[in-house]
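What TrEMBL annotates here:
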DOMAIN    24-137  domain 'Response regulatory'
MOD_RES   ASP73  4-aspartylphosphate
DOMAIN    148-249  domain 'OmpR/PhoB-type'
DNA_BIND  148-249  DNA-binding region
Amino acid sequence: MTADQDNHSGALLPVVDRELDGLTVWVVEDDPELLALMLDDLSWRGAAVRGLGSAEALYRALLQDRCDIVVLDVGLPGEDGYAVAGHLRQAADMGIVMLTGRGSPHDMAHGLTQGADVYLVKPLDLDVLAAGLLSLRRRLSAGRPAVQTVTEVQRAWKLSADGWTLHSPAQQTLALTAMERGALQLLFEAVGEPVTRERLIERVTDAPWDFDPHRLDVLVHRLRARVRTATGLELPIRALRGQGYLLTP
C-alpha cells in the first residue's frame, strides 16, 4: 500500500474485533513500510484509512474530504509534524496523534502544546496506537463539533473583490500594499497548492529579473506580522523549503 492511497473495505483481511469500525483515520508518514503497516492494521481493526506522505498531501486531501483523526509523523519532509499539528489545531477540530522518535519530556511537552492529543514514541506498538485512537473516539463521540474541511475554513479568510483588503475570520480588515495584494491574489487562486517563488515574484513586480528573491521572504514575514498585529491571528501562509509558499486555512 502506497502513500495517498485509500483502503476503506478491509474485506480481504481476517477481522476478529473491528474496534475502530466507523472511525476515519488518516496517517501522514513518509516511511512507506511503516505507513503500509499502520494502514493494514488500522483497516483490520475496522477504521476507514488513508495514507499520505507529506503535509502538502494532507492539505490537498482536506480540500476534498474530512477525517476524524490524523496520525502525524513529526519527521515529515518540508513542514514538520509539530507545525502541522499546530496548524490543524487552529483550523479544525479533529483528533491528532503525534508519532515520533523524539521521546524526551521536552519534545513530548512541545508536541502536546502544539495540539497533539496523543504523543507516541517510535518504535511503534500498534496496540498502543489503537488504544489511543479508541480514547480519542470516545472524546469525539462525546459531542465535539464536526471537523471542518480546509475549504470551509478557507472561506473565513477572504480578499475583497478588488484584492486590496484582507478580511479575517473575525471580520477584521487590513488594507494591503500593491506587493502584498499581488502575492495574496496568487496564493488565494492556488489555495492548497504550492506556489513557486518564481511565480510569486512575477506577480509582485514588473521587473522580476531585477528582484532580489530574499525580498519575497521579507514581504511574507512583514505581512504575517501586520496581520498578527491587526487581528491577533496567524495568516495561514506556509513556507515550503525549495518550493515556495502555500496558503492553507
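Any Cβ shown, glycine's included, is placed from N, Cα and C.
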### Summary
Per DSSP, the domain 'OmpR/PhoB-type' (148-249) contains 47 helix, 18 strand, 37 coil
### Message
Using a 10 Å radius around its CB, how many other CB atoms surround ASP73 (4-aspartylphosphate)?
### Response
25
#### Entry: Average model confidence [pLDDT] within the domain 'OmpR/PhoB-type' (148-249)
82
### Task
Let me know the DSSP-derived helix, strand or coil state of ASP73 (4-aspartylphosphate), please.
strand
